[in-house]
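The structure follows.
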């Protein structure tokens, strides 16, 4: 039975490989439904990784000072 950590890592890897982020005005890019503005590279991946405390696995993510969505306190 796979552990929660390995399942979370697989989900993050799947998201990183399957989600194509959109930059405004760029030709031939798919846009996710309901998306109005482009987000920074990997921001959805970083947000999830920081929430799951796996940000250290992604060197481009900066989890310092991210707000905890549930308690609205600063994450440590």
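We number each residue from 1, going along the chain as drawn.
In case you wondered, yes, glycine gets a Cβ from its N, Cα and C as well.
According to Swiss-Prot, the record shows the following:
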type	residues	note
SIGNAL	1-27	signal peptide
DISULFID	46-61	disulfide bond
DISULFID	50-63	disulfide bond
MOD_RES	64	aspartic acid 1-amide
Compute the C-alpha separation of residue 46 (disulfide bond) from residue 63 (disulfide bond), stating it in Å without decimals.
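Answer for this pair: 8 Å between alpha carbons.
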According to DSSP, collapsed to three classes, what secondary structure does residue 63 (disulfide bond) have?
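Once the DSSP labels are grouped into three classes, residue 63 (disulfide bond) ends up as coil.
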Residue 61 (disulfide bond) to residue 50 (disulfide bond): how many Å between their Cα atoms?
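So the Cα of residue 50 (disulfide bond) lies 8 Å away from that of residue 61 (disulfide bond).
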Relative to the Cβ position of residue 50 (disulfide bond), how many further Cβ atoms are located within 10 Å?
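For residue 50 (disulfide bond), the 10 Å Cβ neighbour count is 21.
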At the Cα level, what's the spacing in Å between residue 50 (disulfide bond) and residue 64 (aspartic acid 1-amide), rounded?
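Distance (Cα to Cα, whole Å): 9 Å.
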